[in-house]
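Structure, as structure tokens:
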Amino acid sequence: MTIVADTRPAGAAPSLPTDTHLKVTPRRVLRSEWAKLWSLRSTWITLGLGLLFLLAFGTIAALRYKSMLNSGQRMDPDFADATSYSLALFGVPFSLIALGVLGVLTASGEYTSGMIRSTLAAVPRRLPVLWSKAAVYGVIAFVTGAVGALAGFLLSSGVLSGTAAGMSLSDGGVVRGLLGAGLYLGLVGVIGVALGTLLRSTAGGISALVGTFLLVPGLMSLLPKSWRDDLTPYLPSNAGESIFALHHSTGTLSAGAGLLVLLGWTALALGGAAYRLMRSDA
Amino acid sequence: MIEARQLTKRYGDKVAVDGVDFTVRPGAVTGFLGPNGAGKSTTMRMIIGLDAPTAGTVTVNGRRYAQHSAPLREVGALLEARSIHPGRSAFDHLMALAYTHGISRARVSEVIEMTGLQSVARKRAGAFSLGMGQRLGIAAAVLGDPQTVMLDEPVNGLDPEGVLWIRNLLTGLAAEGRTVFVSSHLMSEMALVADHLIIVGRGRVLADTTVRDLVLQAGGDTVVVATDDPAELRRVLVGPGVEITGHPGSEQLTVTGLPAREIGRKAAEHGLVLFELTAKTVSLEEAFMELTKESVEYHAASTTGRAA
């Protein structure tokens, strides 16, 4: 903590009042980023989509499961071990795209519009902007994800109540798992902010995000099997999914380990973003 | 107060700003003048820390811009490039900037009113005309009630009413004791508002001067005088610092270094008849062209010198 003394030469501007309460604080930068986020229509639309994907796809999956159950036909192998919990979270990858893209946009939009010049003129130390954006958006994405997961679970449990797949909130690990799904989506949001800051481009940021979470897992099949089994659990997507998985097999990380690994990836992305922000001209 | 010391910015091989030294003082409008591509915008971006200098320093009120605890109180800047998100309303844009410093909502309303944006404050900034966008940029620049106001090409795209409004704003801000730093590539525009001029070309300072001195330096205050005895008049007017030229056989002389009034008085004292006595003031535009031309000639000459 440094004490800032006013070194302005006396009488430099005699007629101006000196407002000593005006200064940049971390809290104020947070407040500013919060206001920026909610003052754009794209925020409302994309958060709405993220929520809708969780609710709608979970409910549709549950309805489809129930109709198969009622018709008495043979169950799809995909649905064999399904529970209302696993069906409710069917929409997570779709919600992930919406929330991740919004994360990218909150940062890349500053660069594509030129707003970043106003932002950094107000906060020339720069890093508080990145931390605030990541924190504000991370919390919002977490809340959206957790609320969506919880509501989706209640809906699909309602649909499937009385069947073998029906679960309730009181079942072991369910509440923790639903919060875990929210945490996963929150961290994806933060990674989106970091990628947007790092790449300064909406198209680039979204490509990197989609590539990391949807394409890279598929590419793992190109690796020799021994490597694949060692590496796959540590991918951001796989680590993230193990945070909210109810059953952990030998090939996956535990919820805690998954969270730690995903936090590591998040820190890495933020570190890259911070480096670019400080080193490159705006 | 803005102080640049050996300020340099290179982009790869290209030198945008080349060891620039200048001081911008409070209480006056300082014009930052130069042709397009002279390094004006880059210099302004370095002042508020958007670009990092390759070498040298620039300080605002004695410190680097980023080291101030309330940067928007120190410098309010309008940059040439658009710095507003098109999806946000004018009010929300200003509010987002205000929050970072704890500036009140009342102050935001005040600058909206001051810039005449009341009727469009809730509209998306993307729908703004060039002129309204410029006014919003100026509202943001004065939001923090800054000691220094820095505007990059503020009259670009403004209608005559807007241009007049900017002129009055600039002189008003300087009269309040603030430092006002305005860039332009239009000498005629600067002549109307600037007290002090910093002229740049190819990333270098060509002149750091006042409007009056620039005119004088460019051979201003020339007087054309005609008489039936030019030889006698030449003898009468000659003195230290006085330069007289004329063609043989012509009744006309061109005099620099003496005001027209003085020439008339001396002629009368010696009983010389004058047919013409005209003070020719060089326009600022001409002075600027003269200066830029010299810089071009200098570059050409130095290239030849190296080749030889």
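Cβ atoms here come from the backbone N, Cα and C positions, even for glycine.
Where the annotation comes from TrEMBL, it is an automatic prediction and has not been curated.
The model shown is predicted, which means the values in this text are computed figures rather than measured ones.
The transmembrane segment annotation in TrEMBL covers A:44-65 (among others). Remote same-chain partners of the transmembrane segment (A:44-65), defined as residues 6 or more beyond its termini with a Cβ less than 8 Å from a stretch Cβ, comprise 38, 79, 82, 84, 87-92, 94-95, 98-99, 101-102, 105, 140-141, 144-145, 147-149, 151-153, 155-156, 159-160, 165, 185.
Sequence annotations record features per position, and here TrEMBL assigns transmembrane segment to A:85-107 (among others). Same-chain residues lying 6 or more positions outside the transmembrane segment (A:85-107) and placing a CB less than 8 Å from one of its CB atoms are 36-37, 42-43, 46-47, 49-51, 53-58, 60-62, 65, 133, 137, 141, 144-145, 148-149, 152-153, 155-157, 160, 165, 167, 171, 174, 177, 181, 184-185, 188-197, 202, 205-206, 209-210, 213-214, 241, 244, 246, 273.
Positions annotated as transmembrane segment by TrEMBL: A:134-155 (among others).
The feature transmembrane segment is assigned by TrEMBL to A:175-199 (among others). Tertiary proximity for the transmembrane segment (A:175-199) is limited to same-chain residues at least six positions away from its ends with a CB under 8 Å from its CB atoms, namely 50, 85, 89, 92, 95-96, 99-109, 111, 130, 133-134, 137-150, 153, 169, 205, 208-209, 212-213, 236, 240-241, 243-246, 255, 259, 262-263, 265-266, 269-270, 272-273, 276-277.
For A:206-223 (among others), the entry in TrEMBL reads transmembrane segment.
Marked as transmembrane segment by TrEMBL: A:253-275 (among others). Cβ atoms under 8 Å from those of the transmembrane segment (A:253-275) belong to residues 107, 127, 130, 134, 176-177, 180, 183-184, 187, 190-191, 193-195, 197-198, 233-234, 236, 238-245 of the same chain, restricted to positions at least 6 beyond its ends.
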